[in-house]
Amino acid sequence: MVIVVDHPLVQHKLTKLRDKSTEPKEFRELLSEISSLMLYEVTRNLPTKEVEVETPLGIAKGKVLNNKDLAIVPILRAGLVMAEGMLRILPSAKVGHIGLYRDPNTLKPVQYYTKLPEDIDKREVVVVDPMLATGGSAIAAISILKTKGVKNIKFVCIISAPEGIEALKNSHPDVDIYTAAIDEKLNDHGYIIPGLGDAGDRLFGTK
């Protein structure tokens, strides 16, 4: 399933994120804020349990998340800022890291780092990466998680291309995709058009 998060706040911040005049500091803040907002939709069906708490005036019944069962796995490096934004909402979630870069010649992902919680196979995992372009990095990261026994995976990005969505759905049809926008297409270099450029470079001021 593909879920487009079209909340007005998300779309407002996404428009500013796309603007080429947005500086790295503001770009990081916007990406973090959008990720926090998108997490509301991603966690809509998380299980809760009923509890009682004592207020200053009596006993109230309430519900709490069992978010100890959640893990956030950013694809390095651009996914880090998304994970930080989500952790502001769910600070008790565990975090893993998968390092992938896209070979500029083949456009295929190359793995260079993986560090995951020991109990990752018992957790619902949210994989985050700002851009779903060719789909190669997302497919590779999810494949790594599945080899570790993870069964419940969601993928969250800010901008996606139709080609990337199709590739990810074909490789991992059991994984729901959450995105703030589906753009027009990929160019010959594998970049999303109109997109926002290279998310990692814009985040960290590199070229």
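The count begins at 1 with the first shown residue.
Note: Cβ is positioned from N, Cα and C throughout, glycine not excepted.
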Listed co-binder of 5-phospho-alpha-D-ribose 1-diphosphate (same site as Arg102, Asp129, Pro130, Met131, Leu132, Ala133, Thr134, Gly135, Gly136, Ser137, Asp198, source Swiss-Prot) among Arg77, Arg88: Arg77
Among Gly135, Gly197, which are binding-site residues, the residue with the most C-beta atoms within 10 angstroms of its C-beta: Gly135
Residues flanking the uracil site, with Cβ no more than 8 Å from the Cβ centroid of Ile192, Gly197, Asp198, Ala199 and excluding those residues themselves: Pro130, Met131, Ile159, Tyr191, Gly195, Leu196, Gly200, Asp201, Arg202
Neighbouring C-beta atoms (10 Å sphere around the C-beta of Arg77 (5-phospho-alpha-D-ribose 1-diphosphate binding site)): 17
Pairwise CA distance, Gly197 (uracil binding site) versus Asp129 (5-phospho-alpha-D-ribose 1-diphosphate binding site), rounded so that it is a whole Å: 14
Cβ atoms near Asp129 (5-phospho-alpha-D-ribose 1-diphosphate binding site) (within 10 Å, other residues, all chains): 24
Rounded distance in angstrom between the Cα atoms of Ala133 (5-phospho-alpha-D-ribose 1-diphosphate binding site) and Ala199 (uracil binding site): 11
